[in-house]
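Copied over from Swiss-Prot:
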| type | residues | note |
| --- | --- | --- |
| BINDING | His2 | Ni(2+) binding site |
| BINDING | Cys73, Cys76, Cys89, Cys92 | Zn(2+) binding site |
Amino acid sequence: MHEMSLMGGVFEAIEATLAHHHVKKVLLVKLKIGQLTNAEPDALQMAFAAFAQGTVCEGAELQIEMLPVKGRCRSCSEEFMVPGLIFACPVCQHLGIDITQGEELLLESLEVEE
């Protein structure tokens, strides 16, 4: 369950963000997570609850937005959604693509009570 290690990184980012603020409680944590991380939202929710115990995040809501995989063709520069993880350009069928979305793990925002 790699979601625990992913959530460990999220909590490091939360701690760094809150380090210079006087926050009583975190009310909401919003994450954006790419499909290629293979993170399961339910497992992330459980990991969040475990990490939040005894912290200002205890009782906070976790909202997760899963981001689909997008790519850009290195040959014709077409930008496209990557359906079913088929990494080929739908226009020219070139196999060389750059992933432009889908690998992220982003702390989008925090809603806090000061």
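The backbone N, Cα and C atoms fix where each Cβ goes, glycine too.
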Measuring CB to CB from the residue listed as 'Ni(2+) binding site', give everything in the same chain under 8 Å that is also at least six residues away in sequence.
Asn38, Ala39
If you skip the near sequence neighbours and keep only those at least six away, which residues in the chain come within under 8 angstroms of Cys89 (Zn(2+) binding site), Cβ to Cβ?
Gly71, Cys73, Ser75, Cys76, Glu78, Phe80, Leu95, Ile97
